[in-house]
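Structure first, then comments.
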């Protein structure tokens, strides 16, 4: 059986093959309600449609690029005329170009049309926007009316009655509905109204109860998923609007907006490149083409949904929403759904196998009952004469068989997984963790290793420059004038030039007319230092022309920029990891501000300074420059040698409160925490010790050294590895791969940058940072940590384990109910012709022990009552069978009530710990008991029950209660590993 489940119902938590997804679906043919059972599984046909759209886009873009190149060659030197006529409604709105024309230019890469409209500047003018100020908020309504909104068509939310209709489509409920109709018809004809309608109306009431309870549960679940989907789609961009740089949701963007894009951003709408540096765009999400595209003034077309792989730019938004190819693709993709989780698939397998067993028992039961009726009629010689009562009896036999299928098929098992995961996702959302893929909830509970970033995850990400080494002198940074005045003017000038030009940040005036610094925490810290030194960002930027920018990336660990100086010539500025940038320097600025050669003593002094800053847990950066003469080509690389060291800065990034305690919790739970950072080894070790990650017997290593190790050496090294410094994204990827494949660990990895995407994809659970993370990292992740806090990761792990244990508890309870109900209904139907009861490798040894023990006990109770009940309770007279059946039914229900309490803990004997704090659990138990009393005492006519004496009530409850000590004894029986 275990091999059967492994071969047929085994899928991966991430990136399962299409074959595996198709295989288990084909095996689940015995399903009572397909729409409900498979609601939260992937719609593979919609995925095929999305893939077809991607292939179509790829071919369209390939043709468009070829045509645009040919057009570009053809139109050189030609005067072009346009036959484009502006639609009247567009003119009346105050614009000179319509949405369809804009779409055809960008989507078709139409260079000819772009030139006819006077290029990007001409398009901006026709859209009524300016490159420096963007659009005005006063025109938003007009723009939306003409150009639409930046949203794609989504499936409208389903109302409550949709779920009622879906619940009604349960095959067994339909059959029972037919049985109810026939029972009503025959009952009224034979016994009259209202007595003859009691049985039929009882069935109808039961069907309606099941339908409305099911629909209510499903509707609430859909609301939870809808809220989570909204959170997933919250993407904010930097936009210039009303002359101010501000953050806006991508759904608020309109044609004419000026969007600022940087590495890792997703292009939020179709648009045109206005200005920028080294821009590489990855279009694979739209076209499937993995080769990045260079976007610049000669190829200015930017398509919605593509990703910025390198560089930065300003983009003019031209087309939004469903007018873009991405909008059409997303409308299809949104219907494709997430892959089903491993637990969902396994429990679908369990439900299918039990359903087949139940179907077999139902057929046998129906055959036995029919055979008994025919045998009786043969003995009476009336086999050719059938009365209405006998027809009703045949119908009852069929209803009994259907009832056995109803109680046998645990349709709720797969849905219980989804319900539990949805609940956990909602709770995790409250705890600042956004789950993007359902399977991550399960997998996180099995995590054995967490590979965590340092900056922003273990630390606060609120950075400030606290120490500098300028002109060879170490200085504490303070707000006093003394700090700036002690620096020679020539050095101050070159330092400000470096800080304000070689940056990915910006200094702007916000809506409150206050100075605001935008950018990463590192950039913000340096820009604050520049302002502290009395610098003016705008003034410094206009002094020189930026010719080329090489943005910071985690492989080179540096950023570079080339300026064209007002007096002529070019100057390169570099900043980055201290030892890397310092290695490119052969000169430095002395105490007088003069450029002097970097001799051995000066080099040692600067290296000791870096080590000193790092040992104080400071992040160190080196700033340097180089005059590179007048021969520099924009197409060439920025040289990385012959630099002059300007300064070394030490940036303080305090450890987050509670991190040390969270690391200790992980260790006690058997989870190893490793720090993987791009920082200096000494800084990394200092922070790791402060967090409790690096222990006395732990190993700290640098990425370059790790890279050189052979597989055999890695097998010896990795078990003790606790810190990896100066790591590249591929180092992180290699470590994750080794942990997963060689050491069979379940690995969770944090990441925030574009280059972290491979490691996030490779890991069992990818955790992206919500604040510092790029859109590329978030898209590759399974969970987004909204507050970038390591303690939140630990919370996710706790919820993951809780989900797994809760589902085990539910499966234990559900299968006990199903097994007992199936056996009892089968035996009682074959013995008495009337069923009793009601409807109600992941299966571990512990769970199997509990299920079999409880099932056996409950079966013994029911069997005893069926065979010895009349004698034990001295039942005789015409109502003795009805009283006995009521007693059996009541005992069965209270066995389940107390079994629910026993199922609160899988292995612990004390199941009452914290029970009163779980209000939902207490409410469900109370309602079950109250409804049972009402059914027995007041609804006997409809439920075929009769009121019981207090002694009979006591015995029923006692039988249920006795299951608890038996369950406690079973938990003490040792079993093998689960």
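Cβ from N, Cα, C; glycine included.
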Which listed span TrEMBL calls transmembrane segment, if the choices are 144-162, 201-219, 220-238: 201-219
309-330, 331-352, 353-374 - the range that TrEMBL marks as transmembrane segment: 353-374
Stretch-level contact, the transmembrane segment (882-899) and the transmembrane segment (953-973), CB cutoff 8 A, at least 3 pairs: yes
The transmembrane segment (201-219) vs the transmembrane segment (171-189): 3 or more CB pairs under 8 Å: yes
DSSP-derived helix, strand and coil totals, residue by residue, for the domain 'Cation-transporting P-type ATPase N-terminal' (113-188): 50 helix, 2 strand, 24 coil
